[in-house]
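As recorded in TrEMBL:
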type: DOMAIN; residues: 43-71; note: domain 'DEAD-box RNA helicase Q'
type: DOMAIN; residues: 74-252; note: domain 'Helicase ATP-binding'
type: DOMAIN; residues: 275-452; note: domain 'Helicase C-terminal'
type: REGION; residues: 518-590; note: region 'Disordered'
type: COMPBIAS; residues: 581-590; note: compositional bias 'Basic and acidic residues'
type: REGION; residues: 611-680; note: region 'Disordered'
type: COMPBIAS; residues: 620-631; note: compositional bias 'Basic residues'
type: COMPBIAS; residues: 666-680; note: compositional bias 'Basic and acidic residues'
Amino acid sequence: MPSPRRAKRLSARRDEVAVIKSLSERVLAEAPEPGSRTFSSGKTFASLPLSSRTQRCLANCKYTRMTGVQRACLPHALAGRDILATARTGSGKTLCFLIPLLERLYRQRTCDLSGCSALVIAPTRELAMQIFTVLNEIGANHDLSAGLLIGGTDFASEQPVLDRVNIVIGTPGRILHHMTHTASFNTDNVTTLVLDEADRCLDMGFAATIDGILSALPKDPHHVRQTMLFSATKTSPVEALARCNLHNPEVIDVHDTAVPAKLLHSYMIVEPSQKIDILYSFIKQHAAQKLLAFVTSRKQVRFLYTALSAVDSSIAVYQLQGGMTQVQRQRVYQEFCEAERGCLIATDVAARGLDFPNIQYVVQVDCPDSRETAVMLLLESERAMADRCGPLRRVRVNPQMLAKSLRERFASLLASRSDIKYLAQSACASYCRAIFKQKDKEIFKLEEIDLAGLALSMGLPAPPQIRCVKKKTETATKKNRCLDNENALQRKKAGAAAADDKVSRLLRRVNTDVYDPSRERLRADNDDDEDDDGLVPVSRADSGAEEDAGLVPVSGGRSESEGDDDTQEVRPGKVATADRTTIRHGKDAYGHTLRQNLHVADVTVDKPAEAERVKDLHRSAKLKRKRRLMKRNAPPTLAVSDSDDSSAGAASQDDSGDGSDDDDDYERRAKRILEQRAQS
């Protein structure tokens, strides 16, 4: 007989099985006919066949009434059918797949041992984080585990826990990376697959990654797995993806064209040189409110954030772009959500699915590529976009908005800080490239944009050089690849035919005497150092008549009688050796100075006499250095006898005479001074 505690658990389990069975029957009974595209008759979540756990969480989060897309999707999704839904951003698509996902796992009695049973793919990290947050709110009462897999986090720390995660939410790249490199990440039991913002995923270049994820999932011949695709626009790639991976999907297209009463759409036609000034004036005018400004490229975000923060510290400016690390993006997202005022400058990374509370104004600084926009600052050539977006109110430029011009302040800032100047040049170039790459050439015309005015608005005197290179076609790429292979094969054959010994390699070398200017200067310095080796420095002040000329004659060099008109150039203060002489020639065609060492073996030299002469030179130089040393060390007063004075005078008179007498007198005086020092 089981214990009371075990009996209680068995009873609770039987009751839960009965509740799940009745709930499943109710879902099938209330589900609309396949392909009917009918809305739910109820308008609240309480009218849906949901478990009590989900109902309590929805009530705690104050989710009571359903939106249009939720009324259309939830009855079919709860029945386990594939969904292809299209609705505008902000219509509540997140609950359209999270509620059916939780209910399906609850009815399947999923536990930790079941492994990964649901997979949710989002295009951006911020959107994946937001979905994860909403799942924690509405699934708090369920005994399920969820994991968030996004880039910028520690990959190794995620691997050990993936085998115990039931719901995986992440970006395509990180999910595929775990599927191929983490052995414990088993996707064989996945019964629910969700792709949120599918059009955005494909536009961002995740088509190959998504194909890799879908191919890694097990085959589903009996259509057990439920796949749901949600998108803001229905494009051809999305439809192709749905045809390949969805089985008899429920196509739901809900576009609420009615503008809410409190939402005002307007646009403003401005000159390129006035765009940043008007944006700055708009931010200053609404400094106590929260604004969201979208630009085209991440380099524009960096420049506007850095420049506006530098010229005016009174405004709160935030940046959010794809070049930031995950920690930075998450910190900025949390700070802006908690802030009461400020302006967030972002790219389209924040344009889909992110919820920012208490946003009063959304400004599209550059012309958007879609109709989903709020306040637009359009150039004159982009007026056609306003006509496509339906009924928009045009706002005239207030002259007071141009009173606070930033041109001079930006110019002085760029002059003092080269890093911000580089950001300005990069921002201008990236904006022009983005316009050039737009597909709609009726609206986006780069040749009609005043690039000089655009550069002036950023503080630049002139626009930077911009290269807009079209992408190579696949045919051209294959052709270039074939040519590269042929060239590599020819080089390989030529290398095999040529001899591979050391002498052949030396003979094949070309331009061996051509050097970079910096390398040439280094070689000249090294040559100067080598010239100093073996030479005896001679002081100009103490040298004789020949030494005053700056060089010591060397016997055995080329004589003038040989008819050589070249003059020998010897560095002053150096003594050249007898066996080689260095001469300078003119510059060759490359402008490099060449040196040639000429051996004088053809000249007869009296080697014993030359050796004796060199010894005398060394002896004389040594004595002169010793005399200078004694003069520096001599005491200020020195008692010398009259005979010494006379001898000293005689010595001074004989300085111009024979050098041997001067040397003997100098030795006697030095010996006498040393004896007097020893006695004292």
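The backbone N, Cα and C atoms fix where each Cβ goes, glycine too.
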Legend entry - Confidence summary (mean pLDDT) of the domain 'DEAD-box RNA helicase Q' (43-71): 91
Inset, instruction - Could you give the residue numbers and ranges of same-chain residues that sit at least 6 residues beyond the domain 'DEAD-box RNA helicase Q' (43-71) on either side and whose C-beta is under 8 angstroms from one of its C-beta atoms? - result: 19, 23, 26-27, 30, 78, 85, 87, 91-93, 95-96, 99, 102-103, 106, 137-142, 252, 254, 256
Inset, instruction - Determine how many residues of the compositional bias 'Basic and acidic residues' (666-680) DSSP places in helix, in strand and in coil. - result: 14 helix, 0 strand, 1 coil
Legend entry - Within the compositional bias 'Basic residues' (620-631), residues counted as helix, strand or coil by DSSP: 12 helix, 0 strand, 0 coil
